[in-house]
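Report on the structure given below.
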Amino acid sequence: DTMRRVVRQSKFRHVFGQAVKNDQCYDDIRVSRVTWDSSFCAVNPRFVAIIVDASGGGAFLVLPLHKTGRIDKSYPTVCGHTGPVLDIDWCPHNDQVIASGSEDCTVMVWQIPENGLTLSLTEPVVVLEGHSKRVGIVAWHPTARNVLLSAGCDNAIIIWNVGTGEALINLDDMHVDMIYNVSWNRNGSLICTASKDKKVRVIDPRKQEIVAEKEKTHEGARPMRAIFLADGNIFTTGFSRMSERQLALWNPKNMEEPIALHEMDTSNGVLLPFYDPDTNIIYLCGKGDSSIRYFEITDESPYVHYLNTFSSKEPQRGMGFMPKRGLDVNKCEIARFFKLHERKCEPIIMTVPRKSDLFQDDLYPDTAGPEAALEAEEWFEGKNADPLLISLKHGYIPGKNRDLKVVKKNILDNKPAANKKSDLINAPKKAADASNTQNDAKLDEILKELKSIKDTITNQDERISKLEQQMAKIAD
């Protein structure tokens, strides 16, 4: 027994965090000052989106990743909400589609042009209306296309089929108090929620039933978080009765006692957990802290192993977490954060130092790719599927994203069934109608694109003439 190694072997013991140089930050951004505990930032391999202060409504910035440096005050925003935006989430199956939830009680889904915005975007692809109070949480389904969850201060969770703009599941009687967060499990068959009543609930959304719950997960009154891990266990952060920050690990099949429970410190910022299922590392970013702590989850005691802390001078207002396929595998980068300050967004890169230049397959097991495993209808009918995995051996090359199409179903069209004979006569007519509608939709699309190109050209012309005037002035 004395020969047992005191130091646990782990390839992540020396994970090294580093902030990028100043010219690789996004500067002069007025980060939102709304008092809401969401991360205010969402990133994917193409864009970083940041909720910003906006007068008379709600807005967020969407910047192509390479657009670093000072961001002009007049830079276009996504600004269709009439109240402050509280949460944003990129679609995992389309890097140009993002959802936003707002104080105006709506959820909006937006399609961002391939090279970013040249004009402010005010028209969402679809507006999802169903909450009676502000919407503070939006979360896309991990494996089914166009399935989006939203949770509001009306204590309801709604699951939408974005492709038709319909609310398909409404869980409005499961929470008696505010919902702090919602997390899908790996294949999207269950969700877990943390709520102000100190309960963590595991819910089967399609059966609309609570599968497991734990009262007083953390005794303290301050906000908690609960997320699913890849193995189906649940990781929570919260506060003890003495206001110490805690983290815990739970098995949903038996939530009597935690698998592990650790006290951390007495700071009062809510700990936002970011989880990487490929490496089983959890990064904890406290709102208002200036550090990121990270832990490895294993199946041997003490189960949650502290690895290290990345510290910086400035406190963080929010944090974005890059999906695995957006990382630089040649630099052994295993995580990238986008830390929000008051006026800027600063990328922080986590690497595992290695001597070799070869691809490190132990650091990069196959990871969730951008292809959806299921269609929305299949999931709603009861099918489950794990994420479709891709190899990062040659880095991730983004493919072409298909446009998000919303096919609104018209309730008035559902006529009562007539006798079958007349239906047979009408069948060819229906087919012709359908193809006409398709052609109309295509025509609309082409006209829209034409208009947007024309607008861009007009804007560029104006800009050119302005610049020419300025040149003329200087020359004079």
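A Cβ is built for glycine as well, from the same backbone N, Cα and C atoms used for every other residue.
It should be emphasised that the depicted structure is a prediction, and the values quoted were computed from it without experimental measurement.
If you check TrEMBL, you get these features:
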- 5-69: domain 'DUF1899' (DOMAIN)
- 78-120: repeat 'WD' (REPEAT)
- 128-170: repeat 'WD' (REPEAT)
- 172-213: repeat 'WD' (REPEAT)
- 443-470: coiled coil (COILED)
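Confidence annotation: the coiled coil (443-470) carries a mean pLDDT of 83 in the model. Outside the repeat 'WD' (172-213), and at least 6 residues removed from its termini, the chain residues within Cβ reach (under 8 Å) are 37, 136-137, 139, 141-144, 147, 149, 151, 153-157, 159, 219, 221, 223-228, 230, 232, 234, 236, 238, 250, 252-253, 255, 277, 379-380, 382, 384-387. Taken through DSSP, the domain 'DUF1899' (5-69) splits into 3 helix, 24 strand, 38 coil. In the repeat 'WD' (172-213), the DSSP tally of helix, strand and coil residues is 0 helix, 21 strand, 21 coil.
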